[in-house]
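The NAD(+) binding site annotation in TrEMBL covers B:Tyr129, B:Gln191, B:Asn214. Annotated substrate binding site per TrEMBL: B:Ser237, B:Gln259, B:His262, B:His328, B:Asp361, B:Glu415, B:His420, in sequence order. Look at TrEMBL and you will find B:Gln259, B:His262, B:Asp361, B:His420 tagged as Zn(2+) binding site. The feature active site, proton acceptor is assigned by TrEMBL to B:Glu327, B:His328.
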2 protein chains.
Amino acid sequence: MRIVALDKESKQSILNDLLKRSPNNYSQYESTVNQIIDRVRAEGDKALFDYTLQFDKFTLTAENIRVTKEEIAEAYTQMDENLIDVIRQSAENIRAFHQKQLRNSWFDAKPDGTILGMKITAIERAGVYVPGGKAAYPSSVLMNVIPAKVAGVDEIIMTTPPGKDGKVNPGTLVAADIAGVDTIYKVGGAQAIAAMAFGTESVPKVDKITGPGNIFVALAKKAVYGYVSIDSIAGPSEILVLADETATPRYVAADLLSQAEHDELASAILITTSKELAEKVSEEVDGFVKVLERAPIIQKSLDNYGYILLAESMEDAIDAANAIASEHLEIITKNPFDTMTRIRNAGAIFLGEYASEPLGDYFAGPNHILPTNGTARFFSPVNVDDFIKKTSIISYSRQALEKVHNQIETFAKSEGLTAHANSIKVRFED
Amino acid sequence: MRIVALDKESKQSILNDLLKRSPNNYSQYESTVNQIIDRVRAEGDKALFDYTLQFDKFTLTAENIRVTKEEIAEAYTQMDENLIDVIRQSAENIRAFHQKQLRNSWFDAKPDGTILGMKITAIERAGVYVPGGKAAYPSSVLMNVIPAKVAGVDEIIMTTPPGKDGKVNPGTLVAADIAGVDTIYKVGGAQAIAAMAFGTESVPKVDKITGPGNIFVALAKKAVYGYVSIDSIAGPSEILVLADETATPRYVAADLLSQAEHDELASAILITTSKELAEKVSEEVDGFVKVLERAPIIQKSLDNYGYILLAESMEDAIDAANAIASEHLEIITKNPFDTMTRIRNAGAIFLGEYASEPLGDYFAGPNHILPTNGTARFFSPVNVDDFIKKTSIISYSRQALEKVHNQIETFAKSEGLTAHANSIKVRFED
């Protein structure tokens, strides 16, 4: 793995390279996606059936579009029992962590009769997209569905593309069942997103769409934003390890590779102040690449977006980490909690030698759907807040309004909004 | 004002009409907006200067693009002192309400060495768009800027189009100064949004863009979503009054008109169980329309999107209110708090006879930037959470990871991600 000195130039060039992976750079597919959306909006189920035949080679109908109870029961028999137990335990941990995110409605009351507050309510229906084929990850199903369930969403639906035989990945079905999905529809691609955004005869309109997908799914989500709410649009996975001389090279190397194996656009970066660590990690990486199954993908992603950056000081290293705003950030330093206080931008921070990144992907409880591509500067991990909305509450007594009515009228009139002023004035015109 | 029986058909037809006002229905301007964005991205300041000459007829340069201290001081001298006091008091109320929204980072620690939590950090730089001309509302400046300030955002910039003479509305400048804006740039339109999203030589790149604007501004915000975060895209204003026979017709009528005056696409709806109230409100509206300054706008918006809906039961009325999900909802019933418990979808709820909607627009403290066009089903008022992001925190001890390492490896391998499994395994291979 290449070792590069961390300086202004290398930092900027890496930042530019990483941004090239943005899902925003695929506008050439927008017209195709818009066509699919328009057709689903106009024709409903018929468009879904046509597209499913075209893209998934399966004859979808109003009768077979929903996954049946029997299919879910069958999926359980196709899965290893030990794995089902693991999924259940993971779901339990995810539930426990997300339950701590629940918030109360609140209000503030003053003795003059004023009540101001915010009412928290869950959205009514959420839709989760799950990719088909090799990209069907049961862990992602848990991470999308459980926060909605914990938030108190009334109904959670899922869409996922069927195989040619009309079947859905058993792992997806078991995870959906454990997480508490109400209905699963066998539709994929941009057409599934359109169906959830606008509703069809079979698929009900939802309030929010979450879940990963290919570029067509990502562009479709962006296109329907505003008609419904969406989660942030995920780019390729990333890991950044911030380490000093106290880190174990073998662990750091293994963790870098755990993200590099995702796909060829994935990024794995080590920033360290220790030249020795840099060299040893590079060696360990070479050793692992020889034996790991997904070596071809790993090698390409390391060639494209893998770096070991040697920093002159921990301060420079932290500055670079904040600029990169990595999806996953491991801190393996003498005092990781102290280092953490200076981190401003990251999706998830893993502290110390035993908080290996896959612990967060699979088991600890915090969400693994995290902001990528520098968007941790302003986006958050999927969390319970994504499935609730707030409503302001305002109540004034006559006495409270009377004290301030002149001020409100003055402000409204100054903006030329005289009917606004009038609505306050009429209450005190006697 | 027309009185219509509330039934399934009238409800659906009104919902369809209201949705036609959505800012999503203007895709014909998208290519123009995309061209502007691309040019600003490629050429930076030069594009801003050209567009400002073209659209605003002002020769913008790197020297005059920033509003100076002198211009702000001059703006104060151009404003009524009483009005400045009102703006200050309003700002104080907005600050007090939003301060109650501040949240703490939190963690949960277990005696086996596990720490899980969420770290809350403010975004670094926010950009507020303020329209020029008649649409420059000082109250909106306060509502956009103060939540960011309270959240702890380091730097808040503002963009607003200059007049032909290069001047900016004094109300905008005074409100910006009171709210705590750091720098104001004289740029408007889609080019201002592009400048804040990507940065130019003069305008720094921000993490989040908020603020209202015309359709070009709205489409530009949607186009840059993902590169930066944006607030929800606002549509025309709406008021829905839910009232029974205890309401005072004159107050209800005045409140309906306070929103109808915004523009011809604004919507004002009364839903009531009382035929007498319906008739008296209709009469009062007719009386007010004769005397109010903005009567031509009011009349058009009432003709297009104004309704008095007569419901057979309060239950039906509440169902309709939840379906409409109005930006502003006034509840004027015998027991408004009881009615409120059954409201699920609304931007802001005003309770009782004295919580007139303009009280919320100008003074009470809760934000007046609210979800429109049915998006209160899933969006919230602008609030402090819009200017912070969360980072998951995960720390495990060796002991804690050892207990579960087999389970994590099983889950990772089941998804074919063997390098993920490897990163856990290497920690226990001795």
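Placement of Cβ uses the backbone N, Cα and C atoms for every residue, glycine included.
Among the binding-site residues B:Tyr129, B:His328, B:Asp361, B:Glu415, B:His420, the ones whose Cβ sits under 8 Å from a Cβ of chain A are, in sequence order, B:Asp361, B:Glu415, B:His420. Of all the binding-site residues given, namely B:Gln191, B:Asn214, B:Ser237, the one with the smallest number of surrounding CB atoms inside 10 A is B:Asn214.
Straight-line distance linking the Cα atoms of B:Asp361 (substrate binding site) and B:Gln191 (NAD(+) binding site), rounded to a whole number, equals 28 Å. Each of the binding-site residues B:Asp361, B:Glu415 was scored by other CB atoms within 10 A of its CB, and the lowest score goes to B:Glu415. DSSP assigns B:Asn214 (NAD(+) binding site) to coil, not to a helix or a strand. In this structure the C-alpha atoms belonging to B:Tyr129 (NAD(+) binding site) and B:Glu327 (active site, proton acceptor) are separated by 21 Å. The secondary structure of B:His262 (substrate binding site), as reduced to three states from DSSP, is coil rather than helix or strand. Those same-chain residues not listed among B:Tyr129, B:Gln191, B:Asn214 yet with C-beta within 8 angstroms of the centroid of the NAD(+) site C-beta atoms are B:Pro131, B:Thr159, B:Pro161, B:Gly188, B:Gly189, B:Ala190, B:Ala192, B:Ile193, B:Gly213, B:Phe216, B:Val217, B:Ala220. In this record, NAD(+) is bound by B:Tyr129, B:Gln191, B:Asn214; the longest C-alpha to C-alpha distance in that set is 13 Å. Around the Cβ of B:His262 (substrate binding site), a 10 Å sphere holds 21 further Cβ atoms from the protein chains shown. Nearest neighbour of B:His420 (substrate binding site) by Cα distance, taken over the recorded positions B:Gln191, B:Asn214, B:Glu327: B:Gln191.
Listed in sequence order, B:Ser237, B:Glu238, B:Ile239, B:Ala346, B:Gly347, B:Ala348, B:Leu370, B:Pro371, B:Thr372, B:Asn373, B:Ala376 are the same-chain residues six or more apart from B:Glu327 (active site, proton acceptor) with CB atoms under 8 A from its CB.
When Cβ atoms from all protein chains are considered, those within 10 Å of B:His420 (substrate binding site) total 30, not counting its own. Under 8 Å, Cβ to Cβ, and six or more positions away along its own chain, B:Gln259 (substrate binding site) finds B:Ser237, B:Glu238, B:Ile239, B:Ala266, B:Ser267, B:Ala268, B:His328, B:Glu357.
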